[in-house]
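According to TrEMBL, the protein carries these features:
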type: DOMAIN; residues: 19-56; note: domain 'Pyruvate phosphate dikinase AMP/ATP-binding'
type: DOMAIN; residues: 58-295; note: domain 'Pyruvate phosphate dikinase AMP/ATP-binding'
type: COILED; residues: 295-329; note: coiled coil
type: DOMAIN; residues: 305-360; note: domain 'Pyruvate phosphate dikinase AMP/ATP-binding'
type: DOMAIN; residues: 425-506; note: domain 'PEP-utilising enzyme mobile'
type: ACT_SITE; residues: His458; note: active site, tele-phosphohistidine intermediate
type: DOMAIN; residues: 523-916; note: domain 'PEP-utilising enzyme C-terminal'
type: BINDING; residues: Arg564, Arg620, Glu791, Gly812, Thr813, Asn814, Asp815; note: substrate binding site
type: BINDING; residues: Glu791, Asp815; note: Mg(2+) binding site
type: ACT_SITE; residues: Cys878; note: active site, proton donor
Amino acid sequence: MSQKRHVYAFHEGDGKNKKLLGGKGANLCEMTQFGLNVPPGFVISTEACLDYLANESKTLPDNLMNGVRTHMEQVEAATGKGFGDAANPLLVSVRSGSAMSMPGMMDTILNLGLNSNTLEGVIEQTGDQRFGYDAYRRFIQLFGKVALSVPDEAFDEEFEAVKQNAHVTEDVGLSADDLKEICDRFLKVFEKHTGRPFPEDPYDQLEIAIKAVFGSWMGKRAVDYRRQFNITPDMANGTAVNVCTMVFGNRGNDSATGVAFTRNPGTGENKLFGEYLVNAQGEDVVAGIRTPKPIARLAEEMPEMAEQLEELRQKLESHYKEVQDFEFTIERGTLYCLQTRNGKMNATAMVRTSVEMVEEDLISKEQALLRIDPIYLEQMLYPRLNNENKAEPVAQGLPASPGAASGLAVFDADRAELMGKEQGQKVILLREETKPEDIHGFFASEGILTSRGGKTSHAAVVARGMGKPCVAGAEGISVDVQRREAVAKGTVIREGDMITIDGSSGNVFLGQIPMVEPDFTEELNRLLRWADEAAYLRVMANADTATDAGRALKYGAMGIGLCRTERMFNAVDRLPVVIEMIVAETPAQRQAALDKLLPMQRSDFKEILEVMSPKPVTIRLLDPPIHEFLPTEQQLLSDLNELHHLRNSVRGMNVLAGSMMLLQDPELARQEADSLRHMVDESLVEQAIEKKETMLRKVRTLTETNPMLGHRGVRLGITFPEIYSMQIRAILEAAAECAAKDLEVHPQMMVPQVCTAEELKRVKAMVDEIRVDVEAKYGQKINFRFGTMIEVVRACMRADSLVEEAEFFSFGTNDLTQATFSFSREDAENKFLPMYNQNDILKDNPFEVLDEKGVGKLMQLAVDWGRQKNSKLSVGICGEHGGHPSSIAFCHRAGLNYVSCSAPRVPVARLAAAHASLQQQ
Ligand code: PEP
Ligand code: MG
């Protein structure tokens, strides 16, 4: 005989043992034991469930029903009622509840204990026949359906028949007699479908209900749910059964039922928030038949109850030290708490309640930080679509840069500039894909939408850098620039039509969708200051311009961890000079272009250093292959084609003009011919053709089969040293000019794509030479640091020799991930990665979540080998992973000094860095 204990009264069970008692049961025990008024009851353990399921004869474990009887007697004593007592009946609810909340399991049975005898008792006690029959018919149906699978429709048919006979349309119109008839009909339905009469003995009812709850654990819904959400037996095994005394909020005008939050879940305000209904049951609130009243009204309707509810609120919070979402019922002037759980709130409310609960000494600063999932903060930092948005997207692309924006669709950058900048309209730049020459369109637009390309496409990268929303690769949209329209799901979007993009989900909508603006509150600032105190990792921002840097400061960046200089090359006034530099045929021509670029870059760097003073600014020397700044071969061929057409037409006109000379009036003919010739000068067309052809030759010589693995980064800097020289000089001169103004600045020079120490040595030699020159010119020493990116596998392997040249390492994990996996990011994300993730071949997208086992291992080696030679080596990360919480936790464990991420991610990273420290402690 089993000696295991299977039944626990609410005042006995261990409120922390969710595995044994299920979440709901443990909670009922805990609430009872710290003094809340919970209706008396008991929990049958999950172990009993497992024993029952293991037993092939499907009988309850020995002694289980004895335990149930003993505990029911205790409940009878506590309530002064009797289970099955016709004079003073005790009714109970029966609910399932496993260690994990599982909506796939059994529904609740209410009013168990009713039968033809106890029903009379209920009617006598309440003096309300209608109430009695209504409770009874609900019980028969629920019991039949939930415990013995009688189909709802069988009951519903009878219910409708009685309603028709009574000529009523609403349930509330049914009289006590009608309800009595419904009960009779329901009892027959029950018997017909189960082949047995409705059980009259309350203990029989209870036993059947317990078996049904236990059985539901292996029901299809529950099994599917566990599989879907990966709930394994160590997380939840078996369900408990909760048996709880029924209390009624529908016993008259001194009764009520409601749901409430201890604080406002939308704003965090420290005030009871919720709704209630007088003379009603929980179901009525849910069914929405009557409109509930705001909780503040209770103070007028039932002042004493309102006071007790306020007390309940205080008790809940001081016990759980967390905002609670709870259910209550008032039965004839007595307040009961039926359920409580941690309240779900939006980010604004989470932050405010964290700060206020610390001020109230309810929780510690550490708890305040740890209760917020860092990624949650993003909600507060971008404009976002209102949750109530029910509009259907017309297309979906990749969520390439977060935030939402609405604007008029425009199909090229010039038009974006005209409408956005000059006419002051809000526009969304909608392109097949974008190129460097579209950059002015980015500045003028609220957001960017492309129908091609991935998360690292030009559009995505530039938009993220600027902090503008971007949806990339929305393949459902076909763009026709010539006609200035696009088609999505059969709808034509014309230039000037309002559209909305959501860069956080990738959705595209027609029209303007209401938005919620970002919210950088004083509470958030306070919370993040606590985070900075707790964190070891410092948080830097990736920012390419002074404007971006200013924004990064607002988000609390402690410096710039990555300034990509090529973004400056893309600016409207720079690009023609950059192209001039690239297409230069002689060193002298190239130098002339670089001489024009030097002052521009110097002033760029100076502005950033000034904005960030005295914080460090890490400037990366030019990285991308230079052909990226040129038009594509395809574009050039199409331009040339047009120019050739034009030349042919001009020639045709000239022939026409010549023949007009032969006309009778030679003077008139000459005039006509001249005006025709003036319309287009053939020599101008020839010049344009020649220029395009030169460019085409250049593009063809620069074209690479695999540009990302080709002539870029430091390789470019070594083969075209004058480009890096110009940048190094611009950085040093900018620093000197700031210092001359007594500004404390800390520039850091960083070399990309390094794979051997020899490369670093060569660049370092350039730096040393230029430094001597600049120091002499400005008459002062220049304070700066020299370091390398680590984004090539070999760089990790050679960290011990790189450290001899570099004062700091910064992991470029975007490239390092590509290099480690040998995946090209765009191809991977557009082709096989989603399938790999769905099929668990790879758990996460390694371009978003740092691959700790592979890339992380390489990083750890590089850190360890680097620090063995230089224990003071500063190490950071500036790939996209620098803004991802679990990756930040890894960086903390790996011993990095800082992470760097896009500006709006900085708050997320600050909180994640604090979590990493606190969790390690
Ligand atoms: C990286 O590779 O992680 C990096 C920061 O450089 P980019 O993304 O500019 O290649
Ligand atoms: Mg890189």
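Cβ atoms here come from the backbone N, Cα and C positions, even for glycine.
Those TrEMBL annotations? Automatic predictions, nothing curated.
In the three-state DSSP reading, Asn814 (substrate binding site) counts as helix. Tertiary neighbourhood of the domain 'Pyruvate phosphate dikinase AMP/ATP-binding' (19-56): same-chain residues 2, 4-13, 64, 67-68, 71-72, 74-75, 78-79, 92, 95-101, 210-211, 213-215, 217-218, 236-247, 312, 315-316, 319, 334-341, selected by CB-CB distance under 8 Å and a gap of 6+ residues from either end. Screening the binding-site residues Arg620, Glu791, Gly812, Asn814 for a C-beta under 6 A from any atom of ligand 2 leaves Glu791, Gly812, Asn814. Helix, strand and coil residue tallies for the domain 'Pyruvate phosphate dikinase AMP/ATP-binding' (305-360), in that order: 29 helix, 17 strand, 10 coil [DSSP]. In the domain 'Pyruvate phosphate dikinase AMP/ATP-binding' (19-56), the DSSP tally of helix, strand and coil residues is 24 helix, 4 strand, 10 coil. As a whole-number mean, the pLDDT of the domain 'Pyruvate phosphate dikinase AMP/ATP-binding' (58-295) in this prediction is 90. Straight-line distance linking the Cα atoms of Arg620 (substrate binding site) and the residue listed as 'active site, proton donor', rounded to a whole number, equals 11 Å. Rounded to a whole number, the C-alpha distance linking Gly812 (substrate binding site) with His458 (active site, tele-phosphohistidine intermediate) is 18 angstrom. Within 8 Å of the centroid defined by the CB atoms of Arg564, Arg620, Glu791, Gly812, Thr813, Asn814, Asp815, the record's substrate site, lie the Cβ atoms of Leu562, Asp623, Pro752, Met789, Ser810, Phe811, Leu816, Cys878, Gly879, excluding the listed residues themselves. Across Arg564, Arg620, Glu791, Gly812, Thr813, Asn814, Asp815, which the record gives as binding substrate, the greatest C-alpha separation is 15 Å. The CA atom of Thr813 (substrate binding site) is located 7 Å away from the CA atom of the residue listed as 'active site, proton donor'.
Counting every protein chain shown, the number of other Cβ atoms lying within 10 Å of the Cβ of Cys878 (active site, proton donor) is 28.
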